[in-house]
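Presented below is the structure to which this report refers.
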Amino acid sequence: MIIESIHLKNFLSHEDSEINFDPGINIITGKNGAGKTSILDAMKFALFSDSRNNEKNIEMIKKGKKNAEVTITFRINNDEYEIFRSLGIKGSKNLERLSYAKKNGLLIAETYEGVTSEISKILNVSKDVFKNSVFVEQGQMDSLISGTPKERKQVFSDIIGLTLLSKNADKIGKIIGMLRSESEQYLSSELKIDTYKENIKNLENENQNIARELEEMKNAELALKEELNGLDKNIKELNGLRENIKFYEKRRADIENSIERIKNDINKLNNQLSESANLSMEIKKIEENPYYSMRKIMDEYFIKKRDLEKLQKSISDISSKIETYNKNMENLKAVEQRHKIYERNKKLLDEKKSLMAQNEVNFREYEHMLYRIEQIKNQQKSMVIQLNSLKARLGNINTDNIEEEKLRIGNHMEDLEREKISIKKDVASLNRDNIELQQNINTLQGKSVCPLCGSKLTDDHIKNILNEYNLKRSENFQRLNKLVERNQEIDNELKRLKTVHDTLNSADASAIPALLHDISVMTSERDKLTGEMEAFKPQYDAYKQLEAEVKALEADINAGERAEEEYNRLKGFLESMDINELNKEFNNYNNEVNEIIKNLSDIEGKLNFVPDYNVYNNTYDLQSRLKKLMDDEKLESAIRAKIDMYKQNMESMEEDLNKIIRDLKDQNDRIRLLENDENKYAELRAEYDELSGKINLAIAKMDTNNLQKDHYNLEIKKYSGDYERLKKIRSAIVNLEKIRGAFDVNGIQALIRKDASASITNLTRKYLMSFNLDFDDISIDENFNIKVSQNSMEQTLESLSGGEKTALAIALRLSVAEYVLDRISTVIMDEPTNFLDEDRRNNLKDIIQYSLKGETNIPQMIIITHHSELTSVADNSYEVVKENGTSHVISG
């Protein structure tokens, strides 16, 4: 990988900086705080979306800008890649997060995550391995040779990926622990399944024993059944005889009861014959009674009497109607004048109402306008009260234009937030300056060389430098205090503004514009209605006048309503009656009455007496009595025939009774012979039933056992899922244990350590040889302990000179990078000279100039440093300067 260029736009302190790198040694210099390390941060951001010290993405945007962009181009073999990333402040019109990757000008990935994933594929190593091998951070140059053996081992493990393997092994161990915990909840399922299987086996054995016993009982049952079948015929005969006896006994009782009933009926019939001797005399007496013998004339007489009474009543009714008619006619004439007045008022009322109907639309429109105006006045009054109440609750906040006020406050709060971010960056920058100043002060303590350039210093010079450093630190602290005070002021102002903003966002504040708008709309509507009402005023007044006249007419009509009802009633009554017809009916009825009186007189002459109605009325009783007597006379002969029939039936029944008595005797004799077989049958039947009961119990027991087996099988099926899960968990634990063992210290890590120690040892020897150092040999064991020998003697790392340590540190760094990446294309160092004395800086410069420059194994090095003397060995040099808070890159 050869980095060709990087372009920073609004990134940290860089507004628009672009650097074009070449193969060979590229050195970037500049004062502390100039923005050198920001270039390294931009590389990490472009490649991996990393931020410095996990700071928020928004803090990487230059103060006062809305978005930041970084573009990096690099070459691998013959392919050129371009990576772009940008981020924007939330609320900006620019895209908030945008990223893409191109290969030879063609798009191959988009989105932050997609580009990061594609970078790992392009580099063919993970992000962490690439960063640990290619990037050498500030203060990490000596990390492979300084510190304790444990610390060196950890650094080596981080770089070659063993730490990741250990973490994965730990993760697998946690998963195994979780699986073991999970398996415990399924252990009961395994125990239950084993118990159910054992129970099923016991039930099957029990069923086999029951089946053997069942076969023996069924054979015995069959023998008993055959013997019972032999006795069954006699038992059936015995039962049949007993049923016959019951039937004959009942039949005998029925016949005896029937004979007794017939005797009673014969006695009753004989009594009736004795009573019928006087029938003839009574019949003759009735036939000689004049009311009976002349009953037809009597019927005619009393029919005419009834007709006469009806006619006399009709004459009376007609006379009453004629009298009523004449009286109502007089009353009608008395109210006729008032009726004419009533009809006139009704006609006039209809005319007035017709006129009102014609004007009603305009009247209703006027009324509606009047009602709406009053309604608007009441609503406006209520709204004004509500508006004053809302303004009182909001206090002194300007509510004239709430939306503009909210926008103004929101913009002011955003400005304050951006100022807080700027303050945070300034505080971080001042703290870094103070730390560097303190480090420089500590470096000067007891020494006589410049911590930056390494030149010798006098005591006065050192004192002046210390005073300058302390003055600078004092100024920084004063600025820090002012920044903290300003930050507190901003927090207080933000708190106040948020309260106001929340109040303006409250329901009360939101309601005010709506209320003001509604009041204004209603005022316009009221004014419009008032103007429109003037056009309808004449029609409204005319309608009101008609309305008063209608009410007066309705009052007169209501007052004459009863008289009108009386008029209509009288007229209707008179119209319903025909007086001429009534007079005609009256004359006809009088003629009929005279005719009937003459007929009655003629009938009385024929009878020679005036009939008594009460005596006449009893004639119908004589007729009924005569009919009954004549029927009884006919019944006497029928009774005698019935008595003869009863006697014949009784004789037949007595013969049947005697036969039944004989049959009962014969059947009782046969029953006594069969009762011995019945006793034997009962004993055998009881034995058979008992055996059948045992057989049924055995079958039921087998069925119960089978049901229990089915239940156990269902339970096994129910828990089989958990059991299968348990087996899978156990299998997974075994496999994961193997994988964890492979990932663990004694697994693949041991193989990697063994291979790494041998390879890194050989590579380090190669680089040290090219550095022309006085080392006999060097070795790195599997625990990454470093052994160096000089003059045939093993040396400790602490005993090496500064130059030797620098050379060894670089050789180890390059060896590890080459081992991890297979070959080195680019190495990037950030402030490798920090904390190096002058000799070690010179040694580093010599190694770069004489051993690494033009080295085919390291095609490209990018070094960031504040020691400008290193530019003398550079193929390409760049200087970063900061003016008015903005960093610029100047090519050397």
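Cβ coordinates come from backbone N, Cα and C, glycine included.
Of all ranges given (4-31, 480-507), TrEMBL attaches the label coiled coil to 480-507. Beyond its flanks by at least six residues, the coiled coil (480-507) meets 394, 397, 402, 405-406, 409-410, 412-413, 416-417, 419-420, 423, 426-427, 430-431 of its own chain at Cβ-Cβ distances under 8 Å.
Taking Cβ-Cβ distances under 8 Å and a sequence separation of 6 or more, the neighbours of GLY33 (ATP binding site) in its chain are SER429, ARG432, ASP433, LYS882. Cβ environment of ASN32 (ATP binding site): ARG432, ASP433, GLU436, HIS866 lie under 8 Å away, each six or more residues apart in the same chain. Within the same chain, residues at least six positions away from ALA34 (ATP binding site) with a Cβ under 8 Å of its Cβ are VAL880, VAL881, LYS882, SER887.
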